[in-house]
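K.L.:
Okay, here's the structure, questions in a sec.
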Amino acid sequence: MNLLTVSTDLISIFLFTTLFLFFARKVAKKVGLVDKPNFRKRHQGLIPLVGGISVYAGICFTFGIVDYYIPHASLYLACAGVLVFIGALDDRFDISVKIRATIQAAVGIVMMVFGKLYLSSLGYIFGSWEMVLGPFGYFLTLFAVWAAINAFNMVDGIDGLLGGLSCVSFAAIGMILWFDGQTSLAIWCFAMIAAILPYIMLNLGILGRRYKVFMGDAGSTLIGFTVIWILLETTQGKTHPISPVTALWIIAIPLMDMVAIMYRRLRKGMSPFSPDRQHIHHLIMRAGFTSRQAFVLITLAAALLASIGVLAEYSHFVPEWVMLVLFLLAFFLYGYCIKRAWKVARFIKRVKRRLRRNRGGSPNLTK
């Protein structure tokens, strides 16, 4: 396998997904698979919800053109296909949370039974003692599947954010696997990025606002499920290339945001799935940043956290228990900012005003 072949495959995936996306958005408008504006959604017009369907089509295309072995490829496509189909039905008809959670659990069970993919160990997060899960690992795996799907679903609040965060996660996993010699799984991660990039271009309006599309629940479900599937492939077993604690850093922002928001809702006596405007992107936008600026800032923060995980994994210098402690400290800092969102927003606004005053009041230098 050489770089020219890999590059050619990735470009082919990108072009195929782009063409499929333009085709799918036309079909979506005819069948009513569109997002309509309401009091929580600020977009205008009917936006096709075909990002996830197009990404899935791109991955099917990937598995069709590549000639290297990807473990459990057929099983993954079947499981992911079911989730994308249910997600598309939810986008169109608004399926209840209980039905979706039941189907996600069923798919998780199929993954564990037929793919033998489940959490058997959490690594050496308590020092020299490996935390082996035993039968409890099956239940924790179902929770991990549900958590990953919902974590990526909840960050899909502003243009580009879901695509940006998912690309960060797949890039981090892909780099670790590539340098470890796990090229097949690494190419799968890079193929996910190639299939997501066309969606980001249309979602951000780079090719024109009239071509705008949304990912939809089908897309966020697919991305979350794919992330947890690849992490289970690579963090478990005797010769795993990624430590379980590194996975936390790779999906840090979506995971932190989900846990912090659900905890906040439960404390208020609300359903953990009830919508609100307390996510990290809402906090940043209340501080005076635009939607595009919030997207860039959050994606860069996710890339920074993922880089910490990648460097620690690659160097083998920092013990796993230390990485867990550092992650928990980062999480508590994140939770503190979310809990005091208005204070943080006011502080950032004051800093921005001072910077503008200092910039405006500085004397012009002349020769």
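Even glycines carry a Cβ here, placed using N, Cα and C.
As the structure is a computational prediction, the values presented were derived from the model and not from experiment.
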K.L.:
Kindly tell me whether the record in Swiss-Prot places GLY269 on the same side of the membrane as LYS349.
P.N.:
yes
K.L.:
Could you state the CA-to-CA distance between ASP91 (site 'Important in orienting the substrate') and ASP156 (site 'Could be required for catalysis') to the nearest Å?
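P.N.:
Their Cα atoms are separated by 14 Å.
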K.L.:
Enumerate same-chain residues with a sequence separation of six or more from ASP159 (site 'Could be required for catalysis') and a Cβ-Cβ distance below 8 A; give 'none' if the list is empty.
P.N.:
ASN203, LEU204, GLY205, SER291, ARG292, PHE295
K.L.:
Between ASP156 (site 'Could be required for catalysis') and ASP90 (site 'Important in orienting the substrate'), how many Å separate their Cα atoms?
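P.N.:
Roughly 15 Å, rounded to the nearest whole number.
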K.L.:
Per DSSP, what is the residue count of the topological domain 'Cytoplasmic' (90-105) in each of helix, strand and coil?
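P.N.:
The breakdown for the topological domain 'Cytoplasmic' (90-105) reads 13 helix, 0 strand, 3 coil.
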K.L.:
Taking pairs 6 or more apart in sequence, does the count of Cβ pairs under 8 Å between the transmembrane segment (213-233) and the transmembrane segment (187-207) hit 3 or more?
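P.N.:
Yes, the stretches contact each other.
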K.L.:
I want to check the contact list for ASP90 (site 'Important in orienting the substrate'): same chain, sequence separation of six or more, C-beta distance under 8 angstroms. What comes out?
P.N.:
ARG100, ASP217, ALA218
